[in-house]
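Novice: Here's a structure for you.
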Amino acid sequence: MGGEGSLSPSSRSFAASMEGLRLEIVAMDALGPDERGSTRGRVLNQGSDVLFGFIHLLEISPGFYGPVVASLSKIYPKDMEAPAGGVDDMTKLSYLHEPGVLQNLALRYQTNEIYTYTGSILIAINPFQRLPHLYNGHMMEQYKGAPFGEPSPHVFAIADVAYKAMINKGKSNSILVSGESGAGKTETTKMLMQYLAFIGGHKGTEGRTVE
């Protein structure tokens, strides 16, 4: 593992500010990680180790302490101001790093919030169950013409923005749907087409199968 000399200026600054503080962090690639590949806790102190690099003493939970072996470059601060259920747009996070993003998505998924924005990008997590209440006619009406970001994140909002841009600019538009196999790309595309048919003036789209 790399020592402090290999850190970027921002990482060195964080390392300096961390010393002596009870700063809540997320440690990636740490010894003894949980199933998400990270260990969460508050840094109490830190020391160097010839073999492992840095050993951090963490308060994992109130009254429970344990050492975590990780280089400083793998220590990430947690956004202490973020709400307990996560944020609907991850540009609102104070620290936009991988562990913070994954934690935010996990918190929202636990409350059945499968959509999250990162600016104008929509991140969708496959719920592996049907959620018809999210895609009915009433829901489409809520997003029709609504300012982007006011209703909660949704695939209909992305379709609405693309449609309005096409109408206002008089040019073709496109929506990129990407993801791993099984991520839900096909279903997402169907929902986009369903909304575009709805907003384009076609009646009776609700309840029909879009192929």
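Glycine is treated like the rest: Cβ placed from N, Cα and C.
Feature list, courtesy of TrEMBL:
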DOMAIN    85-211  domain 'Myosin motor'
BINDING   GLY179, GLU180, SER181, GLY182, ALA183, GLY184, LYS185, THR186  ATP binding site
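Quick one: where do these features end up spatially?
Specialist: Helix first, then strand, then coil: DSSP counts for the domain 'Myosin motor' (85-211) stand at 56 helix, 9 strand, 62 coil.
Neighbours of GLU180 (ATP binding site), defined as other CB atoms within 10 A of its CB across all chains, total 8.
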Novice: Around the C-beta of THR186 (ATP binding site), how many further C-beta atoms are within 10 angstroms, looking at every protein chain?
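Specialist: By my count, 10.
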Novice: Quick one: give me the count of other CB atoms within 10 A of the CB of GLY184 (ATP binding site).
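Specialist: Result for GLY184 (ATP binding site): 19 other Cβ atoms within 10 Å.
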Novice: Enumerate same-chain residues with a sequence separation of six or more from GLY179 (ATP binding site) and a Cβ-Cβ distance below 8 A; give 'none' if the list is empty.
Specialist: ALA124, LYS185
Novice: Need one number: mean pLDDT over the domain 'Myosin motor' (85-211).
Specialist: 90
